[in-house]
Amino acid sequence: MSGQTLISLVGSYDNLHELTPSWNQKVTILSVVIAFMALSWLCALPRLYVRLFVTHSPGWDDLFLTLYLLSTTLGSILLCLLTDWGLGKHWLTLSIPTMKGYLLRFWIANASYCMSTTLIKISLLFQYLRVFDKGLLRNVCISSIVLVSLWGAAYSVMAWTPCIPIHGFWDFFDADVTCYGYGARTADQFTATYESHTAFNMVFDALVFCIPVPLYFQANASSRTKKGLLVVFAMGLLVISISAVRLKTIIDHRSTTYPTFDPSWYSPISMVLAAMEVDIASICASVPVFWPLLRLYSANIFVTEEVEIRHETRPGYSVELDCRAKAASTTSKPSLVEEEDSGQQRQRSPQGSEIFFFEGSKTADVEPKTSNTTKHYEDEYVKKQVNPFITKKGSVDSWSIVEAQASSTTTSKKKGLQTFFLP
């Protein structure tokens, strides 16, 4: 195939009898591309919201992520439009106007992909700079940004200007043009361009996702940090695997030139994998940013603690005082207990300093408002038993209840009572 032109390879082998792969079907292409593009946006928008309106700390990584969203959306739209211009069908079955329309849209889609792969890697590397403020890893990040930027700029220029003038890329019968790289007329140069870009892309993916590995082995890394890193590594491994499979498909058919030049028939699988690859990389870059906020909001929806209330006699506790308090509670008005419609009850201590919610019987023992029966609330042991959510200080995996100040009056109905949780 050395020295052969692409036009001479058209029809050099009869592949019209080949079965249509599932990747070549329009419904497969549209469903996969649209689904992953939507998932990428659903993860990127909360990330940008957190950075802009919650933490008020936008950075270069957010700028490159925004540029990536614009680039990958353009490429995904063009990839979907290509299904109406012959993508998934044999090249020889297309008319000349359809061939030109196909190449015009493929030119934009391919150039957008080259930009997207570069922008998402740079965004991840700038995100690492927020963590590594000094040392070897910061220098590695800066060096990687330079290398990825040079690589991406070179291939993006070749993708956007494959021919001079540019219309020569889709007007392939015009001999008065100069083409190179992605628009090369010879099979060797054409194949080398696609294969080299895909190979470098896979290497840079591995480099970017391996940079945070030392964080996992730090002695002071918490279990939650290690679990989060494992998730990032798993998604990174998925991205690298997709890049490897895509490289294999390109090598198998020598960039759609073997056994015959049939770009519309052999390219769908590599194009769909390209869209999946960059979208998953963007999800990996976005989830760590908005996940803490999502956990905070989800804590108000799902039950996170189970409380067991026990009664026991401890040394130093006055049984006589306890009996006197129970006897007094039977004659006092139970103004401190308010029964709710849902079957839950609210109990407030006589000092009005704590509010609890619990499920149980319709009645509860309430201490009367006497100085003698409230002294035991001042005991440190009792305080810890009254609030079962108190945990060891400094525990990052525990949840604590913010104590709300109760009203000094006990006759009013409950209005807008809330329980707040902090991670």
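Glycine is treated like the rest: Cβ placed from N, Cα and C.
Quick look at what TrEMBL annotates:
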DOMAIN    47-295  domain 'Rhodopsin'
REGION    330-351  region 'Disordered'
TRANSMEM  29-50  transmembrane segment
TRANSMEM  62-87  transmembrane segment
TRANSMEM  107-129  transmembrane segment
TRANSMEM  136-160  transmembrane segment
TRANSMEM  199-217  transmembrane segment
TRANSMEM  229-251  transmembrane segment
TRANSMEM  271-294  transmembrane segment
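Count of Cβ pairs under 8 Å against the transmembrane segment (199-217): among 29-50, 62-87, 136-160, 229-251, the largest is for 229-251. Ranking 62-87, 107-129, 136-160, 229-251 by CB pairs under 8 A with the transmembrane segment (29-50) puts 62-87 at the top. Outside the transmembrane segment (229-251) by six or more residues, the chain places 194-195, 198-199, 201-202, 205-206, 208-210, 212-213, 215-216, 269-270, 273-274, 276-277, 280-281, 283-284, 287-288 with a CB less than 8 A from a CB of the stretch.
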